[in-house]
Structure formats: C-alpha cells, structure tokens
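Colleague: Here's a structure for you.
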Amino acid sequence: MTSLKKLAYRGAIWTILGYGMSQVVRFGGNLVLTRLLVPEFFGLMAIVNTLRMGIELFSDIGISQSIVSSKRGDEPDFLDTAWTLQIIRGWIIWLFCLVLAFPVASFYEEDRLLWLIPIVGLSSVFDGFSSSSILTLMRRIDLKKSTLFELSVQVFTLVCLIGWASFNPSIWALTFGLLLGAIYKMVGSHFLISGYRNRFVWDKDAVKEILSFGKWMFMSSALMFASEQSDRLILGKLLSFELLGVYTIAYTLASLPRQVIKQLSYKVIFPAISNQTQLPRSILREKIISQRRVLLLGCAVLLAALVAVGDLLIATLYDDRYAQAIWMMPILCGGIWFSLLFYTISPALLAIGKPLYLAQSNLARFMMIGLGLPLVYYSFGLIGAMIVIALGDLPLYFVNLYGLWRERLSCIAQDIQITIFYIAVLALFLYIRYFLGFGIPIQTIP
C-alpha cells in the first residue's frame with residue numbers, strides 16, 4: 001500500500017471516528033438542550049446561523065482549498081498571507097452582520113434578531129484569527145490531531161451551552177455558548193503544531209494565486225449556501241419559529257449520512273485526489289472509482305437503515321413538542337442518496353481545477369429549492385415542501401454528472417449499479433420493519 005493510500009485510509013478512519021463521536025456529543029447535547037429551552041429558540045438560531053453561514057460562503061475566496069492544493073501550500077509566506085486574508089475576511093463578515101441585522105429583523109418581524117445577528121457574527125472574527133495549522137494538518141492528511149481538537153471544541157461549547165441554559169434558560173445560552181466555543185478554538189488552534197506561528201504577511205504572488213483560485217470558489221460557495229441553506233430561510237418566513245425549530249431537528253438527523261460524506265470529501269478525498277492529478281485521466285478515474293465503490297456500498301446500507309428506523313429514533317428521543325419531526329425525518333432522509341453520490345465524486349472536479357462545475361451544480365439545486373419550495377408549499381402544504389427539499393439533490397447530482405463526463409471522469413455505470421443495491425437494501429429493511437409490526441416510517445403524516 002502506498003504512503004498516500006495509507007494516509008487516506010488513516011484520514012478516513014479518523015474522520016469517521018471523529019464525526020461519530022461528534023454526533024454522539026451533538027445529539028446528547030441536543031437532547032439536554034431541547035428539555036431546557038423552548039423550540040422557538042432553535043428556530044431563531046437557525047435563522048441567525050444560516051445567515052452567518054451565508055455571509056461566510058458568499059465571502060469565500062478559497063483560502064483553505066488553496067492551502068490544501070497549492071504547490072506553495074507549505075511555504076511560510078504563503079501560509080501567513082492566507083492567514084492575513086482570513087483575518088480581513090472575518091472582520092468583513094462581522095460588518096455584513098451589522099449591516100444586515102435590521103433588514104433581516106424587519107423581514108421576519110422579529111426584533112430579537114437585531115442583536116442576535118451581530119453578537120453571533122463576532123464568532124467569525126474569532127475564527128479569522130484561528131491558526132492556519134488546522135489547514136496544514138488537512139493538507140498532510142494528518143487528521144488525528146485536528147479531529148481530536150475539533151471534538152474538544154465541540155465538548156467545550158456544549159458544556160458552556162448546557163451550563164448557561166441550566167441557570168438561565170434563554171436565547172442568551174445559545175448565543176454566548178457559541179461565542180465562547182469560537183474563542184476556545186481560536187486560542188487552541190495556535191498550539192496544534194509545535195513551533196508553528198502565524199504572522200502578518202502580504203505576499204503579492206500568494207494573494208494573486210489565492211484570489212485567482214478563489215474567484216471560482218466564491219461563486220461555488222455562494223451558490224452552495226443558496227442551495228443548502230435557502231430551505232431554512234424560506235421556511236423561516238412560511239412557518240412559525242417553533243415549527244422551524246422542529247424541522248431543524250428532523251433535518252439535522254436526516255442529514256447525518258450527508259455530513260459524514262462531506263467531511264470525508266473535504267478532509268480526505270479532495271487532498272488525496274489533489275496529490276494524484278498528474279496521472280493520466282483514465283488511470284485517475286479508475287483509482288477514484290475503485291475506492292469509491294467500497295465507500296458507497298457502506299453508505300447504501302447505513303442510509304437505508306436510517307430511512308427505515310429514523311422516525312422511531314425521533315419518537316424515542318424527543319418529547320411531544322417535536323412530534324412532527326417524526327414523519328419529516330424519513331422523507332428528508334430518503335433523498336440523501338443522490339447527495340452521497342455527488343459528494344463522493346465531486347472533489348475530483350475541484351482537485352483538477354474545475355470548481356465551475358460545482359458552482360453550476362449548486363445553482364441547479366438552488367433553483368429547485370428557491371422556486372419549487374414556496375410554490376409547492378402554497379399548493380400542497382408542509383408535506384409537499386418536505387418532498388421538494390428531499391428531491392433537491394437530484395439537479396445537483398445530474399449537473400455534476402455532466403461535468404464528470406466532460407472531464408473524462410464519468411461514473412454513471414457505477415452509480416446505477418449501487419443505486420439498485422441501495423433500493424434493494426431499503427426494500428428489505430422496510431419489509432422487516434413492517435413484518436415486525438412497526439408499520440411504515442411515514443405513517444404519522446397528518
């Protein structure tokens with residue numbers, strides 16, 4: 001086994017372990033917080049965090065991707081220039097939070113957003129001062145240290161959230177808990193690599209290279225936000241904040257497989273392919289497909305299991321205030337399959353320097369959600385809205401297929417084979433569930 005393959009396998013193991021532990025912490029924390037705080041607070045924070053994430057993605061200039069893929073990614077001047085740009089970007093994000101607070105509060109007719117948005121937005125400033133050592137570890141596919149650090153950040157943040165909510169069960173618990181977590185991450189990141197210190201540097205060649213790559217990443221990231229977060233912004237206007245909070249719980253659980261693959265895509269698949277882009281396209285394609293097959297087979301079994309029993313998990317873990325999440329979850333989870341197909345191959349296009357295809361894919365998904373969601377909601381209600389969101393990954397996947405075909409990296413035959421396998425496994429799990437007397441996952445639809 002080559003050293004790169006060993007690094008990739010080791011990185012995949014740490015990514016999956018880290019994400020698994022992260023979700024245990026996350027859902028354990030959610031179970032506690034949902035008993036301490038009312039659903040309305042989660043709906044409010046869904047709007048705030050979605051807006052902040054949107055500003056971050058709309059200002060994405062490809063700093064992290066440049067460090068991972070650039071030939072200069074290990075040079076101190078390049079890293080320090082990237083860090084300087086990162087700090088500038090953090091302040092710009094916060095300024096946009098200040099500017100947008102009033103119009104957003106007016107749009108949702110919620111005065112609390114006037115101060116929630118700027119305060120939570122400060123976390124972007126702290127993130128800007130975080131060390132670039134996090135990205136250096138990713139470039140090296142050395143994920144043990146970064147995974148454990150990210151887990152410690154999550155645990156610290158959760159302790160702050162629960163501690164504050166226990167003594168003061170208000171929206172302030174969610175607000176300042178996040179800020180304290182961002183401060184911890186900022187400080188701790190500078191101790192990840194011994195002797196690794198960032199300083200303010202402005203290397204014009206490095207700036208030019210980062211921004212040259214970043215012009216496409218900006219478009220891609222902006223459209224990624226529009227495609228992945230527009231559902232919450234639209235539903236925030238159509239639904240009550242309480243029902244939005246319920247939807248957020250269902251969506252979070254349904255998205256578990258997608259988030260695992262996104263982590264692998266960003267932290268392992270992208271760096272691994274970036275190290276092999278010099279290979280002839282046919283050889284690169286075969287290497288990608290052979291490794292992807294094993295990953296997708298595992299994903300098919302896990303996703304089918306989650307679709308089959310996810311509603312039972314929500315019914316067991318959450319109280320009656322979250323009852324509507326029971327039927328939402330299997331519908332949302334069912335459409336995740338095309339997202340898994342997408343994220344296991346899309347890093348190849350990014351690695352060969354073709355982020356435009358990623359932008360086009362996200363544009364297609366945004367058009368599906370942005371246009372279809374309000375129209376279907378007014379015609380078919382909340383059930384129709386959930387179906388549109390579940391099918392939102394279809395256009396994302398098909399546009400990406402076109403890009404792969406253009407770049408001689410097509411994987412359509414493999415996708416068809418494993419999709420048939422996924423459907424068969426799902427049918428088997430649903431039959432077993434029904435045979436055992438648990439009915440079907442969507443039987444609680446009102």
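Glycine is no exception: its Cβ is also placed from the backbone N, Cα and C atoms.
No curator has checked TrEMBL annotations; they are predicted automatically.
Pulled these features from TrEMBL for this protein:
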| type | residues | note |
| --- | --- | --- |
| TRANSMEM | 91-108 | transmembrane segment |
| TRANSMEM | 114-135 | transmembrane segment |
| TRANSMEM | 147-165 | transmembrane segment |
| TRANSMEM | 171-194 | transmembrane segment |
| TRANSMEM | 294-318 | transmembrane segment |
| TRANSMEM | 324-345 | transmembrane segment |
| TRANSMEM | 366-392 | transmembrane segment |
| TRANSMEM | 412-432 | transmembrane segment |
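Tell me what's around each of these sites.
Modeller: Long-range Cβ contacts of the transmembrane segment (91-108) within its own chain (Cβ-Cβ under 8 Å, at least 6 residues beyond either end) map to 47, 51-52, 55-56, 59, 114-115, 117-118, 120-122, 124-125, 128, 236-237.
Using a Cβ-Cβ cut-off under 8 Å and counting only residues 6 or more beyond its ends in the same chain, the transmembrane segment (114-135) has close neighbours at 44-45, 48-49, 51-52, 55-56, 63-64, 67-68, 79-80, 82-83, 86-91, 93-94, 96-98, 100-102, 104-105, 146, 149, 171, 175-176, 178-179, 181-183, 185-186, 189-190, 192-193, 196, 198.
Through the fold, the transmembrane segment (171-194) approaches residues 33, 36-37, 41-42, 44-45, 112, 116, 119-120, 122-123, 126-127, 129-131, 133-134, 136-137, 145-146, 149, 152-154, 156-158, 160-161, 164-165 of its own chain, all at least 6 residues removed from its boundaries and within a Cβ separation under 8 Å.
Within the chain carrying the transmembrane segment (324-345), a Cβ under 8 angstroms from the stretch's Cβ atoms is held by residues 243, 246-247, 249-251, 253-255, 257-258, 261-262, 264-265, 269, 288, 292, 295-296, 299-300, 303, 306-308, 310-311, 313-315, 318, 361, 382-383, 386-387, 389-394, 396-397, 400, 404, 409, 411, 415, 418-419, 422, 441-446, all 6 or more beyond its ends.
Only residues 6 or more beyond the boundaries of the transmembrane segment (366-392), in the same chain, are considered here, and those with a CB under 8 A from a CB of the stretch are 223, 226-227, 230-231, 234-235, 238-239, 243, 251, 324, 328, 331-335, 445.
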Colleague: Near the transmembrane segment (412-432), which same-chain residues lie under 8 Å Cβ to Cβ, leaving out any that are not at least 6 residues past its ends?
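Modeller: Here the qualifying positions are 289, 292-293, 296-297, 300-301, 303-305, 307-309, 337, 341, 401, 405, 440-441.
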Colleague: Six or more residues out from either end of the transmembrane segment (294-318), which same-chain residues have a Cβ under 8 Å from its Cβ atoms?
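Modeller: Counting only partners 6 or more residues beyond its ends, the transmembrane segment (294-318) has Cβ contacts under 8 Å with 27, 31, 34, 249-250, 253-254, 256-257, 261, 264, 325-327, 329-330, 333-334, 336-337, 340-341, 344, 414, 418, 421-422, 425-426, 428-430, 432-433, 438, 441-442, 444.
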